[in-house]
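*Asks:* Okay, handing you the structure first.
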Amino acid sequence: MSSSSESHLATAKTALTAVASVAAAAILARSVVQDYMPNEVHEYISHGFRRFFSYFSYQMTAVIEEFGGFEHNQVFEAAEAYLSTKISNSTRRIKVNKLEKQSNYSVTVERDEEVVDIFDGVKLSWILVCRHVDKKDFRNPRDLNSTLKSEVRSYELSFRKKFKNMVLESYLPFVVEQAASIKQKFKTLKIFTVDSYSVEWTSVTLDHPSTFRTLALDPEVKKNLVEDLDRFVQRKGFYGRVGKAWKRGYLLYGPPGTGKSSLIAAIANHLNFDIYDLDLTSLNNNAELRRLLMSTANRSILVVEDIDCSIELKDRSTDQENNDPLHKTVTLSGLLNFVDGLWSSCGNERIIVFTTNYREKLDPALLRPGRMDMHIHMSYCTPAAFKVLASNYLEIQDHILFEQIEEFIREIEVTPAEVAEQLMRSDSVDKVLQGLVEFLKAKKQIDNSKA
């Protein structure tokens, strides 16, 4: 081997030895810092280094957290939807999800994956960052980033500093607008309920077949309701002009089996709104109620079924706060503050539905004008409702027994659910309708014997 080759080899060995020594020293220093330096000091030094080097960087990073106080961060949700359309071949990891009743695959960015977007010739880099925090460290009751999750998620959007105004004034509004179209196009309806352990919303896919076409409801009531719903979603400017929160309230009342739940599903399908089914008996106090209500999304329906049984709806004049720390209750005033109080303006395009079997049991405070905008009586089955049921279940528009059946329906109280049950008893139309006649005749005899 020549002296020149030996010299190069010796130089390489020296360089490798130096690199190995530096690496070993770095590992040792890192171990010492982690083991012996307090976390506060470590964070302070790291923060100082980051601030020092940031002065020499042309880059700026916008941190977009999942929650902004009590509410979902609109920009975070928009970024999640928008970036699903920007995943390229260079992306290494993606998250794919499809529930049984979903028609489309949901594709989102996995944590620590970079997604590059170009807007007006400007390069913008997105990264999803997930930070795990112990539950015991959650101490901020005003921030859902800290109160509900053990994993805090945020997007980091990086760009050149000189494009800051463009990002804030043009790019992010563009992302929000595009995301709204994407979500509406691929939206799968969901129904949310409260997890009793964590006191947060959990959801499943809503695949309820009820529509206004199939609903056994008085035609005039149905027509008025559909017109009211369509008018509501088109009047954002109107609500802002008159100074009212963009919400609508409906009270559905009537005996069990008259289709209150089916009507709620029909409203959700008609408007493409998610449903939040709130069981007030599962909550301990007004603070939990407020936190849940503030975390509901826009374009949604809040449902409180059997409102007369859910909480002790006493008059607000006697609805005093209880200072006993063991006292657990959701009060009428706490609920009404969200329905039409100051908290009602936190959120847009929301529908509130209360149901009850006995309207007369409700506190007058719930029934006053302007609180529930429409009171919809879910009555016993009518001849018109029967014809809708016959069309849905038997696929017929007329039959020789219709006149007799309709006469019975006018004379007795029978719910649409009872009629529907009879219509499912056979595949033979004649046999089913004859069975319905016998059922109605027997029911009339029972009613007469009680008179």
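Positions of Cβ are set from backbone N, Cα and C atoms, glycine also.
Straight from Swiss-Prot, here's the annotation block:
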| type | residues | note |
| --- | --- | --- |
| BINDING | Gly254, Pro255, Pro256, Gly257, Thr258, Gly259, Lys260, Ser261 | ATP binding site |
| SIGNAL | 1-25 | signal peptide |
*Asks:* Please give me the CB contact count at 10 A for Ser261 (ATP binding site), counting all chains in the structure.
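*Replies:* There are 15 such Cβ atoms around Ser261 (ATP binding site).
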*Asks:* Looking only at Cβ atoms, how many others are within 10 Å of the one on Lys260 (ATP binding site)?
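*Replies:* Its Cβ has 21 other Cβ atoms within 10 Å.
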*Asks:* I need the least crowded one of these binding-site residues (Gly254, Pro255, Pro256, Gly257, Gly259), counting other C-beta atoms within 10 angstroms of each C-beta.
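*Replies:* Sparsest of the binding-site residues Gly254, Pro255, Pro256, Gly257, Gly259 by Cβ contacts within 10 Å: Pro256.
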*Asks:* Other residues with Cβ within 8 Å of the Cβ centroid of Gly254, Pro255, Pro256, Gly257, Thr258, Gly259, Lys260, Ser261 at the ATP site?
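*Replies:* Neighbours found: Asn357, Met378, Thr415, Pro416, Ala417.
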*Asks:* For Thr258 (ATP binding site), which residues in the same chain are close in space, meaning a Cβ under 8 Å from its Cβ, but six or more apart along the sequence?
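*Replies:* Long-range Cβ contacts: Met378, Ser379, Tyr380, Thr415, Pro416, Ala417.
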*Asks:* Give the three-state DSSP assignment (helix, strand or coil) for Ser261 (ATP binding site).
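*Replies:* The residue in question, Ser261 (ATP binding site), is helix (DSSP, three-state).
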